[in-house]
Amino acid sequence: MAKIKPVHILIVEARFYDDMADAMLDGAKHALDAAGATYDIVTVPGALEIPAAIAMALDGADEGGAEYDGFVALGMVIRGETYHFDIVANESARALMDLAVSESLALGNGILTVENDEQAWARARRTEGDKGGFAARAALTMIELKQRLGAEK
């Protein structure tokens, strides 16, 4: 990854599975710290609330609040016995993609959709899949791309 200007990131984490959220957040913070980025963290109840929180942050910036160079979405959706998994997985991904495209956001999507706890932990831990770190590095890469393309707002 190329050297980018100092950046400020908003991490939005869903706390539906607290222990897994902690593991994902650890990976994201480690990646951002290694890159010299600063960040704020907000928590929401579940994955479906993450896009709304990002939209609120954008509205807040328009009104003089904190401005963010990029966003990291962290959450875990584990398949259960109902159709709810499909709704949460599909709609959270769709809403994040809509925001990223319509607002030209540098966004790392770390909302994991898995079949069971074993898959979740294998992806959440920094010592294994490190998907929290991956999402943070994706956001940093997209920030660098925005800067290189002159798409900064």
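Each Cβ is built from the backbone N, Cα and C atoms, and glycine gets one as well.
As recorded in Swiss-Prot:
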| type | residues | note |
| --- | --- | --- |
| BINDING | Phe16, Ala47, Leu48, Glu49, Met76, Val77, Ile78, Asn109 | 5-amino-6-(D-ribitylamino)uracil binding site |
| BINDING | Glu81, Thr82, Arg123 | (2S)-2-hydroxy-3-oxobutyl phosphate binding site |
| ACT_SITE | His84 | active site, proton donor |
>> Long-range neighbours only, meaning 6 or more apart in sequence with Cβ under 8 Å: which ones does Leu48 (5-amino-6-(D-ribitylamino)uracil binding site) have?
In response: Val88, Glu91, Ser92, Ala95
> Taking the Cβ of Val77 (5-amino-6-(D-ribitylamino)uracil binding site) as the centre, how many other Cβ atoms fall within a 10 Å radius?
Replying inline: 25
> Looking at the recorded positions Glu81, Thr82, His84, Arg123, whose Cα is closest in space to that of Asn109 (5-amino-6-(D-ribitylamino)uracil binding site)?
Replying inline: Arg123
> Measuring Cα to Cα, how many angstrom lie between Val77 (5-amino-6-(D-ribitylamino)uracil binding site) and the residue listed as 'active site, proton donor'?
Replying inline: 10
> Taking DSSP three-state, what's the residue listed as 'active site, proton donor' in: helix, strand or coil?
Replying inline: helix
>> Please give me the CB contact count at 10 A for Thr82 ((2S)-2-hydroxy-3-oxobutyl phosphate binding site), counting all chains in the structure.
In response: 8
>> I need the least crowded one of these binding-site residues (Ala47, Met76, Ile78), counting other C-beta atoms within 10 angstroms of each C-beta.
In response: Ile78
>> Just to be sure I understand the packing, how many Cβ atoms besides its own are within 10 Å of the Cβ of Glu81 ((2S)-2-hydroxy-3-oxobutyl phosphate binding site)?
In response: 6
> How far is it from Met76 (5-amino-6-(D-ribitylamino)uracil binding site) to Arg123 ((2S)-2-hydroxy-3-oxobutyl phosphate binding site), counting Cα to Cα, in Å?
Replying inline: 10
> Who sits close to Arg123 ((2S)-2-hydroxy-3-oxobutyl phosphate binding site): which same-chain residues at least 6 apart have their Cβ under 8 Å from its Cβ?
Replying inline: Leu112, Val114, Gly129, Lys131
> Max Cα distance spanning Glu81, Thr82, Arg123 ((2S)-2-hydroxy-3-oxobutyl phosphate binders), Å?
Replying inline: 23
>> If I take the Cα of Phe16 (5-amino-6-(D-ribitylamino)uracil binding site) as reference, which of the recorded positions Glu81, Thr82, His84 has the closest Cα?
In response: His84
>> If you count CB neighbours within 10 Å, which one among the recorded positions Phe16, His84, Asn109 has the smallest count?
In response: His84
> Given the recorded positions Glu81, Thr82, His84, which one's Cα is the least distant from that of Glu49 (5-amino-6-(D-ribitylamino)uracil binding site)?
Replying inline: His84
